[in-house]
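Novice: First, the structure itself, so that you have it in front of you.
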């Protein structure tokens, strides 16, 4: 019997679904998967029921910022109401925080590659066990700019290392493993269009340099250790700018690597808190910094609303 138009469309959508891909055959043989740092387990929690409808995952450094984001996006999607609470799903652990409203999951990742790496392993497995499909994941955060006015938003074109190479290197079982840090080019353009729609703050597309350190690794002169001069720093940052780098942070390379390897459509959207060509310390008034930090949230929230047809 031939399928009806609706059934054919549903079948087409089913075939177009993009599910999470784990690059680890061991997971399929495990009777229980304990996501220790989330205080969640496949034997004690119904992941499909809890997370099966997730289509957008937003991750950022601090729990308070991600809690504020879930409240903001809930209001933007018309899912908020007076007195509504958004409890931390990871209650029982102080490593990470996780919040959910509708199809949006908001998760903190801490600071630096080791912290976001642990979180991503468990987050991607959570999405896999929940049988989520067509998930878009976006890191929203802060960064230091290179040649940009403070408050500018950078949508990452490529995540690069400290030598400006689009790769992430890790030592696995004593061996050097190098993986690509590619991000979704179409998603970059969709986010750039959303910023144009808003027309609220300057936004650029550029490379993001991911470092292992906030001080020497980023050429700062104000750490406890410093073995170079202001001139050395300027030469390095100018070389970074010439290589297309527009901001510096500490998570994008591993984020891009893991999301790409697991079939996740991913992007990085960060606001710049200062221009590193002009200084190292952040002395902007607190209320201004708070508004800066809200800019990636407003952009990504607009993207989610637009994707859901809520504009």
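Glycine residues also receive a Cβ, built from the backbone N, Cα and C atoms like all the rest.
According to TrEMBL, the feature phosphate binding site maps to 95, 139, 140, 141, 142. According to TrEMBL, the feature substrate binding site maps to 218, 220. The domain 'Nucleoside phosphorylase' feature in TrEMBL is assigned to 55-305.
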Novice: Along the domain 'Nucleoside phosphorylase' (55-305), what average pLDDT does this model show?
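Specialist: Average per-residue pLDDT within the domain 'Nucleoside phosphorylase' (55-305): 97.
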Novice: Largest pairwise Cα distance, Å, within the listed phosphate binders 95, 139, 140, 141, 142?
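Specialist: So the maximum pairwise Cα distance among the phosphate binders is 20 Å.
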Novice: Suppose we draw a 10 Å sphere around the Cβ of residue 141 (phosphate binding site). How many other Cβ atoms does it contain, all chains included?
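Specialist: Taking all protein chains shown, residue 141 (phosphate binding site) has 24 Cβ neighbours within 10 Å.
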Novice: Enumerate same-chain residues with a sequence separation of six or more from residue 95 (phosphate binding site) and a Cβ-Cβ distance below 8 A; give 'none' if the list is empty.
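Specialist: Residue 95 (phosphate binding site) has long-range Cβ partners 37, 38, 110, 118.
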